[in-house]
Amino acid sequence: MLWLQDVSITFNENTPDEKRALQAINLELPKGEFVTVIGSNGAGKSTLMNVISGSLEPDVGSIVVNDREVASLPEYKRSHFIGRVFQDPMAGTAPSMTIEENLAMAYARNKKRKLKPGVTKNRRQMFKEYLATLNLGLENRLKAKVGLLSGGERQALSLLMATFTEPDILLLDEHTAALDPSRAELIINITRDVVDKSGLTTLMVTHNMQQALDLGDRLFMMDKGEIILDVEQEEKQKLTIENLMQEFQKKRGSDFESDRAILG
Amino acid sequence: MLISLFGAIESGMIYAIMALGVYLSFRILDFPDLTVDGSFVTGAAVAAVSIVNGVPPAVASVLAAVAGFMAGCLTGILHTKGKINALLAGIIMMTALYSINLRIMGQPTLSMLNETTLFQQLESLWATTGIDTFFNGALTAMGADQTPSTWVIIAIMILVTLSIKLLTDYYLKTEIGLALRATGNNKKMIRSLSANTDFLIISGIGISNAFVAFSGGLIAQHGGFADVNMGIGMIIIGLASVIIGESIFGVKTIARATLAVIGGAIIYRIFVTMALRADFLETGDMKLITATLVVIALIAPKMVQARNEKKRRMKKKTELLQQKASEV
Ligand SMILES: Nc1ncnc2c1ncn2[C@@H]1O[C@H](COP(=O)(O)OP(=O)(O)OP(=O)(O)O)[C@@H](O)[C@H]1O
Ligand SMILES: [Mg+2]
């Protein structure tokens, strides 16, 4: 379960560049809920992800994961139970290390790292089985350096690394944005499968409104640091892109489309 | 000639430990750590002072490593907690260590000529085995007119340096070691996988300087003295060893890379020894020789590659021309 209360963050306060990136965000995600997040550039979506993961500290507000206040916990401690995939395929893996070594690091995420070998025979077998679920043939390239993989392959690997220890929260920040349409679709399918199978509590940022409507149980629309629309289950199923844009106009009195929100 | 070559391999094996330390900071952690110039002397100073004060040489050598570890950790703390640029943190520590090293020794040079060092201890043990007579006999039989006075240093250094290499290889494959390597490769990623990068940098730079200081302690015992200036340019020597080794032996795996570093350290020593035998070069030219070596080791592989690439293109071009000509 994820619970945010009055989470606010302002960059460059009291300067001409002042930016209220998050304004008193309140949200509650029950365990297993899959939420898609849309919003125009600069709406605060990535900032929200960063605040939850701990790579940014909010000015005020509390962040609770499974009844535990985590707002003051440094990022590396939070990542015991928060998994992440970044937009940049280069960001989520170590390029000069092998596939199996990368997986071994992800495997150690929710354990205390020790002075024993990271890749063992048993683990290698397990990694193979996990990799096989991606259907990319990566299970035969365990000893290949990750830097040699294509962006799509790296992103699939990142997704696997973020999820296979079944974190309490999964954060996906435009994790298909850097990929071509067919690869993006592949990654989205993998995402759907993993999230379904493990019942992960997930926040997924996307610029593709159709994707946001098709996937998940709930949808947030963000603008100017606020969640301006929160649609749940049945209501979300009836929603169309047309509705979304009207909704935005109604709330903000401006044209959503001109904010270049549709990129997918 | 044979004797000086022998000496070069001997000290090369000792300097190789320092080079492994430099490999850890520069290559694994991607942290250009200049603490080395200071911590090498710290190791020498601690070992010398301890031995002069009656500490068993083996213990003194370990103390040297511990002192280096602490110095390295301080550099790591300056960088991670103090948010000081890596190069600057190293320079600050190097400068501070100069004074600290003087304090440790109490004087600029400390001689151990009247003390028994680790190598002398082992030498007397070794002498009873008769191995020297055997090897030297073999050498003489092969036509050598001079023979080394003892083989013990080479034997023990092969044992020590290889053990350190194997331990390093093992460490870099453990769960903590993988996280350490990822820290040098992609901090953002390994932080999102619950590794404390600050801790890893601090301990990694600590271990690196422990190696450097341990090597300094052994060099002091090998030469019979510690001098406050003996670390000047050490970082470049370390880098030279790493780069020469890598370009000659390759870096395909960790085990290969660490072996390359050791090889590089020995080859560097051999180069320097040869260079110093040339009449027109003096001891003072050593730093210049080192700098030149590093430049060559950095540039040569790229030039060779560029030439091969050019050859390949030329070949393609002539092939194409021939093909066209035959079609006409
Ligand atoms: N570290 C920072 N320092 C200053 N301003 C920042 C910082 N991070 C984000 N901002 C600003 O906060 C606002 C929200 O940024 P954020 O990255 O969260 O937007 P986003 O919704 O993810 O946009 P996009 O769709 O373009 O990724 C932007 O105006 C951005 O310029
Ligand atoms: Mg963003």
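Cβ from N, Cα, C; glycine included.
Annotated transmembrane segment per TrEMBL: B:12-29 (among others), in sequence order.
Feature annotation from TrEMBL assigns transmembrane segment to B:58-78 (among others). Away from its own ends, the transmembrane segment (B:58-78) comes close to residues 33, 35, 38-39, 42-44, 46-48, 50-51, 84, 89-90, 92-93, 97, 118, 201-214, 216-218, 221 of its chain (Cβ-Cβ under 8 Å, at least six residues beyond either end).
Feature annotation from TrEMBL assigns transmembrane segment to B:85-104 (among others). Outside the transmembrane segment (B:85-104), and at least 6 residues removed from its termini, the chain residues within Cβ reach (under 8 Å) are 31-39, 41-42, 45-46, 49, 71, 74-76, 78-79, 228.
Residues or ranges marked as transmembrane segment in TrEMBL: B:151-172 (among others).
The list of residues near the transmembrane segment (B:193-220) in space but at least 6 beyond its ends in sequence, with Cβ under 8 angstroms from a Cβ of it, reads 11, 14-18, 20-22, 24-25, 28-29, 31, 33, 35-36, 39-48, 60-73, 75-77, 79-81, 112, 118, 164, 176, 179-180, 182-184, 187, 226, 230-231, 234, 238. Annotated transmembrane segment per TrEMBL: B:193-220 (among others), in sequence order.
Feature annotation from TrEMBL assigns transmembrane segment to B:232-251 (among others).
Feature annotation from TrEMBL assigns transmembrane segment to B:258-276 (among others).
Here TrEMBL flags B:288-306 (among others) as transmembrane segment.
It is B:258-276 that, among the stretches B:12-29, B:151-172, B:258-276, B:288-306, forms the most Cβ pairs under 8 Å with the transmembrane segment (B:232-251).
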